[in-house]
Amino acid sequence: MKWYIAALLTVLTSSQGILTTLSQSNGKYKYDYATVPFFAEVFKLIVSSVFLWRECKKLPPPKMTTDWKTVRLFPIPSVIYLIYNNVQFATLMYVDISTYQIMGNLKIVTTGILFRLFLKKKLSNLQWMAIILLAVGTTTSQVKGCGEASCDSLFSAPIQGYMLGILSACLSALAGVYTEFLMKQNNDSLYWQNVQLYTFGAIFNMARLVVDDFRAGFEKGPWWQRLFNVYSITTWMVVLTLGSTGLLVSWLMKYADNIVKVYSTSMAMLLTMVLAVFLFGFKPTLQLFLGIIICMMSLHMYFAPPSMFVGLPPTVISDPESLVIVSDDHKAES
């Protein structure tokens, strides 16, 4: 089941970057992009509340911990995700969608480190090699041929784009590791945990909109008056994909782990590259193909059983009737 969820997450992650780019006009957002995460949080809250309501009608009722010591932990990932979601939009202002997806794969390195430090998840040497190999693959994918006229430097995007991409990867890993800790600390209903997460998420995103109003001196009016300003069908699709991605991620945090999530999102790079060829006339480079191959090798190294790499012989099951019982007398004669 988790692999079907991971595959769907790959598709949605790829479409999110493409739709976000399509929602721009001349490289800029006509709408207030800070409202998109707010609508996504509200969408996730509504969906989770409906599923929780349906779950409460069944017997036995779902487990729901309501003590303050547990509830007070849920605002923390909301703050991190609030920053992360808005950094994503800012990143796409400086880099193309393929580079955006490639840099997103850096989160697997930071996640592996936080896995080890905070969740005490031990990774084998082979898995660490796979993580390093993935980093090499993503770096290779970012290198463009310097024989091209447009190649002014090794990295063609502005430095702001790469800095924001690194920041996004760190925030994603931190929020993911902490969310996995919250989801697995008890046996509460997934939908109840989601309701807590997304309630705080909606509150913090709304607070961000209020702060923006005060900073701008209410030049564009209060935030609730511009929620639907210049919202196109593409923009609403961005909201739905962002919200649906969050719901799938929460499922993986509860029943899988962060590594499955980041590998799933990294594989979205493949789908994004193919779609970008048709939608934006993107010309894939040899370096990009080589990077993708390396990433695929990393995926295989991480999740394949070690016996596939060392060539262990199949286990031989002994026939009980062929066993020879050596008596103590025979041992003494020896």
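The backbone N, Cα and C atoms fix where each Cβ goes, and this holds for glycine too.
Unlike curated records, TrEMBL annotations are generated automatically.
The signal peptide annotation in TrEMBL covers 1-17. Listed by sequence, the residues of this chain that lie at least six past the ends of the signal peptide (1-17) yet keep a Cβ under 8 A from its Cβ atoms are 92, 97, 100-101, 238, 241-242, 244-245, 248-249, 251-252, 255-256, 260-261, 263-265, 267-269, 271-272, 275.
Taken from TrEMBL, the feature transmembrane segment applies to 33-53 (among others).
Within the chain, the transmembrane segment (73-94) has long-range Cβ neighbours (under 8 A, six or more residues past its boundaries) at 17, 20-21, 24, 27-29, 33-34, 36-37, 40, 100, 103, 157-158, 160-161, 164-165, 167-168, 171-172, 174-175, 178-179, 182, 193, 196-197, 200-201, 203-205, 208, 242. Residues annotated as transmembrane segment in TrEMBL: 73-94 (among others).
Annotation comment: TrEMBL describes 100-119 (among others) as transmembrane segment.
With a threshold of 8 Å between CB atoms, the same-chain residues lying at least 6 positions outside the transmembrane segment (126-143) that come near it are 99, 102-103, 105-106, 108-109, 112, 154-155, 266, 269, 287-288, 290-295, 297-299, 301-302, 306, 309. What TrEMBL lists as transmembrane segment is 126-143 (among others).
Within the chain carrying the transmembrane segment (163-183), a Cβ under 8 angstroms from the stretch's Cβ atoms is held by residues 73-74, 76-77, 80-81, 83-84, 87-88, 90-91, 94-95, 99-100, 103-104, 106-107, 109-111, 113-115, 118-119, 190, 193, 197, 249-250, 253-254, 257-258, 261-262, all 6 or more beyond its ends. Per TrEMBL, the feature transmembrane segment maps to 163-183 (among others).
According to TrEMBL, the transmembrane segment annotation covers 231-253 (among others). Cβ atoms under 8 Å from those of the transmembrane segment (231-253) belong to residues 2, 5-6, 8-9, 12-13, 15-16, 19-20, 22-23, 31, 36-37, 39-41, 43-44, 47-48, 85, 176, 179-180, 183-184, 190, 193-194, 197-198, 260-261, 264 of the same chain, restricted to positions at least 6 beyond its ends.
TrEMBL lists 260-280 (among others) with the feature transmembrane segment. For the transmembrane segment (260-280), the list of distant contacts is 2, 6-7, 9-11, 13-14, 17-18, 21-22, 96-98, 101-102, 104-105, 107-108, 111, 134, 138, 141, 172-173, 176, 249, 252-253, 288, 292, 295, 299, 302-303: same-chain residues at least six beyond its ends, Cβ to Cβ under 8 Å.
Summarising the annotation, TrEMBL assigns transmembrane segment to 286-304 (among others).
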